[in-house]
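*Asks:* Pulled these from TrEMBL:
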BINDING   ASN10  Mg(2+) binding site
BINDING   LYS17, HIS210, LEU211, GLY212, ASN213, GLY214  ATP binding site
BINDING   ARG91  substrate binding site
ACT_SITE  ASP150  active site, proton donor/acceptor
SITE      HIS182  site 'Transition state stabilizer'
REGION    247-280  region 'Disordered'
Amino acid sequence: MSSKLVLVLNCGSSSLKFAIIDAVNGDEYLSGLAECFHLPEARIKWKMDGSKQEAALGAGAAHSEALNFIVNTILAQKPELSAQLTAIGHRIVHGGEKYTSSVVIDESVIQGIKDSASFAPLHNPAHLIGIAEALKSFPQLKDKNVAVFDTAFHQTMPEESYLYALPYSLYKEHGVRRYGAHGTSHFYVTQEAAKMLNKPVEELNIITCHLGNGGSVSAIRNGKCVDTSMGSDPAGRPGHGYPFRRYRPCDYLPPARHSGHERGSDQQNADQRVRSAGSD
């Protein structure tokens, strides 16, 4: 077994994906999903050594209970996995303008994630729980927790791409701009496309697409992101028919939250998940 194993955590708003992966060759030793948080049917599923298992987490369980189960039940079955861990990677939905790459987590990074929570109110708080639990469960890896920001890859966009046709004060005072999402996916696709096309990534001019529960497209010029379909929140998806430069009311929500008005974004995000492009 490799000594380069990494625990990867993706704490979502109502679920948690996790895996232990060999950082050198990509081999997967553990993978799983905890879901239905805050509901009576909260549960966790995982695959280890080719065997699939499932367990109930208990009514109302959420991120903390799921992470405790991973550490104290799943990994307890194979303690050598924990012993071989060299780092923990945390997928972070929003890093604002501050982070242009992955960073080792310290107190300033934790504060930065908190500061960006108004742009990802369903996700960043969940990420912070995951970070806190990881630091508590693996104190020997205190300096080996890494934040991987979905917004980082898009920070190469020029002003004409990320600014809206709105008063400039909204950007300067409240950070209202296009941030993008799924950046780790767009970065990976860019790198892999360069390999398959046998071109240096610096010479690559393509459109990258991320299609999953959410979807987004990005324009890549010379290997860098120069435009993307998502704005300040997850609702600007190509599958939902929004023109790329269209401004939407939810992009006012971050400054509205600062003013004490928080209605709208949670419901809009929920609506976006269940409505197809052709629905009423």
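Cβ atoms here come from the backbone N, Cα and C positions, even for glycine.
Give me the local environment of each listed feature.
*Replies:* The C-beta environment of ASN10 (Mg(2+) binding site), restricted to residues of the same chain at least 6 apart in sequence and closer than 8 Å, consists of LEU16, LYS17, PHE18, HIS90, ARG91.
Taken residue by residue with DSSP, ASN213 (ATP binding site) is part of neither helix nor strand, so it is coil.
Following the DSSP three-state reduction, the secondary structure of ARG91 (substrate binding site) is strand.
Same-chain residues at least 6 positions away in sequence with a Cβ under 8 Å from that of ASP150 (active site, proton donor/acceptor) are, in sequence order, ARG91, ILE92, VAL93, HIS94, GLY95, GLY180, ALA181, HIS182, GLY183, THR184. Secondary structure from DSSP puts ASP150 (active site, proton donor/acceptor) in coil.
In three-state terms derived from DSSP, HIS182 (site 'Transition state stabilizer') belongs to neither a helical nor a strand segment and is classed as coil.
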*Asks:* Of all the binding-site residues here, GLY212, GLY214, which one's CB has the most other CB atoms within 10 A?
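*Replies:* Of GLY212, GLY214, the one with the most crowded Cβ is GLY214.
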*Asks:* Counting only residues 6+ apart in the same chain, whose Cβ is under 8 Å from the Cβ of HIS210 (ATP binding site)?
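*Replies:* Residues satisfying the criterion: HIS182, SER185, HIS186, VAL189, SER216, VAL217.
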*Asks:* Rounding to the nearest whole angstrom, report the longest C-alpha distance spanning LYS17, HIS210, LEU211, GLY212, ASN213, GLY214, listed for ATP.
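*Replies:* Max Cα-Cα spread across the ATP binders: 18 Å.
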